[in-house]
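Copied over from Swiss-Prot, here are the features:
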- 134: active site, proton donor (ACT_SITE)
- 65, 133, 222, 250: Mn(2+) 2 binding site (BINDING)
- 586-596: compositional bias 'Polar residues' (COMPBIAS)
- 610-636: compositional bias 'Polar residues' (COMPBIAS)
- 553-649: region 'Disordered' (REGION)
């Protein structure tokens, strides 16, 4: 179980504790055109970064959805860049030592992958983030808005997923004192696809071989946490048990206290969003960020309530349970009087909530709470008269922030048990059907009765969503070209002649509907255990170079003939000091001199291999550190991307 490092003396705490501010889903740019709520996302995002600067953290870790729009406006980009520059740049030296080559996780190698190592800018607090479902890559070049933040040197964008059906998760290795951090990230992948990828053992997690029991393994994901449907979420049982901590993005409900998974033996923390993007129950909990203090393998989470978040109160009202309103033909006046009184109570409660969030911070004289968000969900089943929701809401213009949708009237529906899910997901599925009719759903409904011959329905549906919701004008064109190229390559590979060309094309077309409509019954039951995936060690074992203290410890897999070398230390150009950068105190720059005992069962690396890895002009002797999957004994079987394709239901 995690321990509280607050009992440690200050010197040990400073030298060996990695302090990480964790947050998720700031949705910068949400509602920016709203006359009342337009600046809410900018203010809350800036508050998070200010907390990081004031609390003197070592780094910031975000769980995705920095931006609300896939193509953020100039205003949203400006506000995000401004907050990052004001709070994360400075001459304070970063005490984190990078031990791995990050080219596998952070993309473009032409620019410095980790911003605090760049000699051209002074980064005091590095920001690490994965992308979410709102700011995911799209369009020509598959760029994300986070790529813009990275190329400016303000954010370290990691956890990219170039291939959905072959995901390799490589960590960023950081060290401070004797504390070693392996930072993993999986950016957002469509939930059904990621679910199937895990079930088919197409997700690989690479681990450091040396000192493997000393690494604190932290994973960041951006997926559905709760099971809305059988496959549209990421079960915790799919995540390997070598992790110590999981930062869960995408879900907006703030569960900052976290929960311990006794089966997988890791702690899951869901920070939630920093702004309410919908008037739903999950957004009502007070918004928090947290500071994760890691010392060795122990950690302690300090939660911090956000002060600038607009208060939000939601109340559920069932009129049939209100004794003062008898069901009769003429009861509209009584209903409206009762609902108005409930809105007044909610406004008073919201103001008290805002003052509570200020804590010990003194409130500026004459400062008033921001206009609150109020939502009444009213069940008027049983013959009750109501008023037009917008007309009712307009009574509170100037008193609430959402003066057009304060109330939501609905009639209670009888839920039927689904044979497929046996009633487990009925409520959630019904809510989805009522509240969120997506373009993708319309496309799928249309294609049920109008089958396509050459294009897979799911891919076309996803392309339509990207075209409509993410303004990706080339999405449909790219989808069509990609699928046609696959079929052409398949015909070429089969060496089809002109005589049987039409027959082969018809065969391919006839096979596509069978593949796309195949019911994956084997996916409906969760596995008892999902172990680390089976991979071919010879093909998937990149090498890291490490300091001479690791020279006496070698992996038995070091003789692999197809290792890929990764520089663990920055290039000499990145080690140059700038005029503004201050040197670290000598007490903070001492290396960990503990030498591990050599295991008797470990095979030595051949002399030839050692000589190749130690021929460096650098003063420090280098050795090798391997990533590998310890449970792997057989090579995983993969589908040929050009020949076969398993499509989602």
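If you go along the chain as it appears here, the first residue is 1 and each next one adds 1.
Each residue, glycine too, has its Cβ placed from N, Cα and C.
Note that this is a predicted model, so its numbers are computed, not measured.
Feature map: annotations from Swiss-Prot on the structure.
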residue : record                    : Cβ neighbours (10 Å)
65      : Mn(2+) 2 binding site     : 28
133     : Mn(2+) 2 binding site     : 19
134     : active site, proton donor : 25
222     : Mn(2+) 2 binding site     : 30
250     : Mn(2+) 2 binding site     : 24
Please report the DSSP secondary structure of residue 222 (Mn(2+) 2 binding site), reduced to three states.
strand
Residues lining the Mn(2+) 2 site besides 65, 133, 222, 250 (CB within 8 A of their CB center) are 24, 25, 63, 64, 131, 132, 134, 188, 223, 249
The correct three-state DSSP answer for residue 65 (Mn(2+) 2 binding site) is coil
Rounded Cα separation (Å) that holds between residue 65 (Mn(2+) 2 binding site) and residue 134 (active site, proton donor):
6
